[in-house]
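Everything below concerns the one structure shown next.
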Amino acid sequence: MLLVSTLRDERQRVLAGLNKRNLDAAESVDRVVALDDRRKELQSRLDNLLAERNSLSKSIGELFKSGRKDEANEKRQRVNEIKEQTGPLEEELEQAVSQLEEELLQLPNVPHERVPAGRSAEDNEVYRAHEGELPTLGEGAHPHWELATTYGIFDLELGVRTTGSGFPVFTGQGARLQRALVNYFLDRNSSAGYTEYAPPLLVNEDTARATGQLPDKEGQMYYVSADDLYLIPTAEVPLTNLYRGELLDADQLPIRLTGYTPCFRREAGSYGAHVRGLNRVHQFDKVEIVQLARPEESYTKLDEMVEHVAGLLKELQLPFRILRLCGGDMGFTSAMTYDFEVWSAAQERWLEVSSVSNFETYQSNRLKLRYRTERGTELLHTLNGSALALPRIIAALLENNQSADGILLPEVLHGYFGKDRLTPVG
RNA sequence: GGAGGAAUGGCAGAGUGGUUGAAUGCACCGGUCUUGAAAACCGACGUACCGCAAGGUACCGGGGGUUCGAAUCCCUCUUCCUCCGCCA
């Protein structure tokens, strides 16, 4: 959630930024400021009345002690008059605050200065192109959903039997590969200074709201109505919320967290060739990294996270590129996002495997996540990124590494997997 | 699921209707002393909102109520602890 003070003090920058998201927010910003003016006015009127009530109450106590009952009763009368005014005023104030909040919730984060304007994925900036030639597989190369059958990696039909479409069942060496990747990612993240957590997979409404999944992505999440809980679409949600409401000391920063969780996404309404196999599923595994950083350091930390993820992909020896998302393609809560895409040689297209973002104070404002500075308290910046999302990594490993001798795994996985390659089944 | 108990500032822990935003201890910060450190002593020490400021308001798990006045009384919810039952 944006700060009202930002909307007031940096109106032009905010409007220009939101414009990169193809959003004309001038009216909305004006409404927010007007509502906030009203809020302040009501607040100070109410405070004055309460101050009068408090001082009258105090003197009533003293009058009673000294036995001057008549005077006390007179003042009691006056307090009752005040209370007739404070009641409605409190309601008005409450209403103004919730209207203000509702209005603020509609505004997405302001893109960073370096974020390009644009409408869709086509306008994203190639931040780091793949070096050299893209690998080609030639005739007879198979997409991963075909390899999955040959090698017994996962089974979509079994998923349909137990659950429905979009819930792959990983089998045999596929399940083992999954576990190998999770362990590899967690170990690498831990070595880089991220503390490992295993958070809940269901979260309450406050948690989903604080990181911005609500109200923006309501339809994306599975909702358990009997208990009023949401299945997490990403570990970002519980991990970032671990620090909700905290007031940290500067020397605790930055805080680095990592966690492996399944992720659940309803992904309503998208079917077709591009969602075959593992390209898009309702449940998938992901290892996430999160940082809570001082504002002045957050973009350095963002770069650090980008390099970390790039390091993982290099070790996996997958061809990849990094995009800087344009305003139109960026998530609601983000100020800057880098997407990582690996090249699928069999499908001849790029597959997104990681998204690394800086949310600046957009989440921390809802989280009430602050730290102490010499100047007082300040909101922290929150960042997160996938390191990494498994299904498309598996798809890319299968497709790019297929050979007459099986699917050859990068060296870094040999120890985790227990073998250097996947072999056909049956 | 049943029966009890508890929830107060960074921590510990007082406080059962009136100048208590909250005693005291510890921690932390500043200072005195010391060659330095420790000890001792002195001082400062919650957060948010309104206000140029002075100052004001709110907050003692959440919400509601009683009262001129609530950390303190009542209702309700949540969480934690103990015991019993059930269970991976």
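Our numbering is plain: 1 for the first residue shown, then up by one each step along the chain.
Just so you know, glycine gets a Cβ as well, placed from its N, Cα and C.
Note that the structure is a prediction, hence the values are computed from the model and not measured.
The following features are taken from TrEMBL:
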type	residues	note
BINDING	A:T234, A:R265, A:E288, A:N384	L-serine binding site
BINDING	A:R265, A:R266, A:E267, A:V281, A:H282, A:Q283, A:F284, A:E352, A:V353, A:S354, A:S355	ATP binding site
COILED	A:32-59	coiled coil
DOMAIN	A:176-410	domain 'Aminoacyl-transfer RNA synthetases class-II family profile'
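On its own chain, A:R265 (L-serine binding site) has A:Q220, A:M221, A:P233, A:H282, A:Q283, A:F284 as residues at least 6 apart in sequence with a Cβ closer than 8 Å to its own Cβ. Within the same chain, residues 4, 7-8, 75, 78-79, 82-83, 85-86, 89-90, 92-93, 96-97, 99-100, 103-104, 107 sit at least 6 positions outside the coiled coil (A:32-59) and bring their C-beta atoms closer than 8 Å to a C-beta of that stretch. Neighbour counts were taken as the number of other C-beta atoms within 10 angstroms of each residue's C-beta; across the binding-site residues A:E267, A:E288, the minimum falls on A:E267.
The two recorded residues, A:T234 (L-serine binding site) and A:S355 (ATP binding site), have Cα atoms 11 Å apart. Comparing the binding-site residues A:T234, A:S355, A:N384 by how many other C-beta atoms lie within 10 angstroms of each C-beta, the top residue is A:N384. For A:N384 (L-serine binding site), the binding-site residues whose C-alpha atoms fall inside a 10 Å radius of its own C-alpha are A:S355, out of A:E267, A:V353, A:S355. Looking only at the domain 'Aminoacyl-transfer RNA synthetases class-II family profile' (A:176-410), the predicted model's pLDDT averages out at 91.
Cα to Cα, A:E288 (L-serine binding site) and A:V353 (ATP binding site) are separated by 12 Å. Within the set A:R265, A:R266, A:E267, A:V281, A:H282, A:Q283, A:F284, A:E352, A:V353, A:S354, A:S355 that the record links to ATP, no two Cα atoms are more than 19 Å apart, and one pair reaches that distance. Maximum C-alpha to C-alpha distance over the listed L-serine-binding residues A:T234, A:R265, A:E288, A:N384 is 18 Å.
A strand conformation is recorded for A:N384 (L-serine binding site) in the three-state DSSP classification.
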